[in-house]
Amino acid sequence: MKLDRVQLTDFRNIKSADFNPSRSLSLISGKNGSGKSSIIEALYYLGYGRSFRTNKHESAIQHDAERFSIFTRCTDDSGDESAVGLQRSRHDQFTCSINGNHSHRLADLVSLIPVQLFTPQSTDLIIGSPGERRRFIDWGLFHVEHQFNLMFQTFQKLLKTRNTLLKRQANIDAPENAYWEQQFVTVGEHLNAQRKDYVSRLQPIFNAICSEFLPEFSLEISYYKGWEKDASLTDSLLRKREYDSKVGYTTSGPHKSDLRFKVDGSLAQEILSRGQLRMAVAALQLSQTKLFQQETQRKSIFLLDDVGAELDIDKRERFIDGLVAMDTQLFVTAIEREQLDFIDKYKDKKLFHVEHGHVKEE
Ligand SMILES: Nc1ncnc2c1ncn2[C@@H]1O[C@H](COP(=O)(O)OP(=O)(O)OP(=O)(O)O)[C@@H](O)[C@H]1O
């Protein structure tokens, strides 16, 4: 997917912007508070239907405006053109429009435009909560496995049902409840198998990229399924039944799965510096981009916010080289162009300057 034109209206401090990004690399520079991250946030909305900075859509609507809108003309990987729009008002639910057809289904938008993001907070992928890492794996599965979203939504519903039964102290073995338990196990084992398989496909790519990005360390990534290693989910649920009833929720299952990063047997966050952790995250994201391309023959859109704050100059260059070589459409923000002085070597690039919410091509 490539975005050919982007139009923003009443998004944060951007009253109105209309620009044609490069199909390869767009550098967006400007002073603090000029609106660079707002552009990245708006593009992220196209890929996720939400912000990465806030859960409140209202915060992204320009003060005094009723709604924001984000519109793009894009070309997919088979050369078909689409017009995609998204609006959020202070009151409505989510609505998007794809080639004139309106939809309230987030999945319609999200499956169309695959977007990845790297920001100063990206180390959370390693040091943050397991939920961050599950979302990372699930992004890959969502874009690769057609039925993944349906299965994931079904699992969430089954988990909710099981937790409700546990809270009510219901007898899980009663015939009317045993059905739900069985469904939970079937879908849960399936979800686990897909995640495990995804991580095993990602591992060799990650190892190869890490040996280039962090050659001084041997970084290993492993998958924890969310319950005891050698047990089936049925056995684990049975073993924890009494405890789960006491606490009122399910303590084992794929909703507890995680990724673990280790360097010589120790947790990566105990060994690596902050900059090295960022490189590990960059390697992880590059691996995911590569796997996504290999398995779908599609290209993703990559957003790199405030790259100067994240990585030193050769790491920045290596990361951007990797993304450009994979033909992702890349949007990079920096306070000053000099933070990316190596950028001159890229042929197909565009430079944009942002000032008080106005975007101008240089
Ligand atoms: N809802 C809103 N309406 C109008 N302006 C807003 C809104 N939300 C944030 N702003 C303002 O938008 C401006 C742009 O913020 P943004 O985070 O995009 O800046 P930036 O260029 O990325 O800055 P930095 O380099 O400091 O990260 C800020 O001055 C912020 O106060």
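From the backbone N, Cα and C atoms, a Cβ is placed for every residue, glycine too.
Per TrEMBL, these features apply:
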DOMAIN    3-346  domain 'RecF/RecN/SMC N-terminal'
BINDING   G30, K31, N32, G33, S34, G35, K36, S37  ATP binding site
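Neighbour counts of Cβ atoms within 10 Å were compared across the binding-site residues N32, S37; the minimum falls on N32. Among the binding-site residues K31, N32, G35, the ones whose Cβ sits under 6 Å from an atom of ligand 1 are, in sequence order, N32, G35. Residues within less than 8 Å, Cβ to Cβ, of G33 (ATP binding site) and separated from it by at least 6 positions along the same chain comprise N13.
K31 (ATP binding site) is surrounded by 13 other CB atoms, counting those within 10 A of its CB over all protein chains shown. Apart from G30, K31, N32, G33, S34, G35, K36, S37, the ATP site neighbourhood in this chain, defined by C-beta within 8 angstroms of the site C-beta centre, holds S38, I335, V354. Take the CB of G35 (ATP binding site) and look out to 10 A: across all protein chains shown you find 25 other CB atoms.
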